[in-house]
Amino acid sequence: MKAHDQMYIGGAWRPALGQDTIAVVNPADEQLIGHVPAGTAEDIDAAVQAARAAFPGWAATPPAERAARLSALSDALAARKDELAETITAELGAPLPLSQTVHAGLPVLVAASYAELAASYAFEERIGTSTVLLEPVGVVGAITPWNYPLHQIVAKVAPALAAGCTVVLKPAEDTPLTAQLFAEATESAGLPPGVFNLVTGLGPVAGQALAAHEGVDLVSFTGSTAVGRQIGATAGGAIKRVALELGGKSANVILPGAD
C-alpha cells in the first residue's frame, strides 16, 4: 500500500493542514492500495498563494526556456512510464497494456507537443500599425477526472505552463496516486517553485475552494454537468474565466465471458 501523506506546494512536499485522508481502492478487486491527504480550503489557499508568487517570474520567462522545461517534463514522464502505467492500472482498473500505451504513453507525446508549440508560437504579432501581445491569464485552477488520470492532467497543465501561467491541480479523488507521480516528474523537470502545485482532496471541499478562490484567474474542469454548472456559477460570480468539458460518457460492452 502506498501512503502519500504530503502535498506539493511551492516547490516542496509538505503535510496537509488537516488530518483527514482519502482511501484509494483498486476497482478491479476492491483492494485498498493507498491513501492521500484530504486537502482543505486552507491547503488550497496555500497552493494558490504559492502559484501567485511564482506567476510574475514564470510569465516573464522566455518561451524557449518554458519549452525546455516542458521538454524535460516529457522526458521525466517517459522515464517513469512503467511506474505510471502500473499505478494507473492499480487505481483505475484498466488493463496494463492499455495503461502502457494510452494512459502512460500518450501524455509523453502531448507534453512534448506543447514544448514544441511554446518554442514556436507567436506570442507577439504585428498587425498593421498595431502590435498584438498575447499574455498569460494568471493562475489556473485545474480539476481533472478519474477516467484519464494522467492524460487529463497533462492536457490541462502543459498548455497552461507553455502560455506562462502557473497551476494548482486538484485531481479526482479516485485516482490521486497518478497525480502524485506527475508532481514528482515536475520536480525532476526543474520547474521553479510554485509554478506547479498539487492538492489532493474531495471535490465539494478542495475543488469548490479552488473554483471560488479569488487568486485563481481561470478554472479548467472536466467532469459532470451538474458539478460544472456549480463551478460555472461560482467562477462567473467572480468574473473569472472558465473552461468546462462536461457530461462525457464512455459506452461499455459486456461480453458473455465477463467475470
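Cβ coordinates come from backbone N, Cα and C, glycine included.
Curation plays no part in TrEMBL annotations; they are all automatic predictions.
As written in TrEMBL, here are the features:
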ACT_SITE  GLU245  active site
DOMAIN    18-259  domain 'Aldehyde dehydrogenase'
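Under the three-state DSSP scheme, the residue listed as 'active site' falls in the strand class. Residue environment of GLU245 (active site) contains 14 other Cβ atoms, counted within 10 Å of its Cβ in all protein chains.
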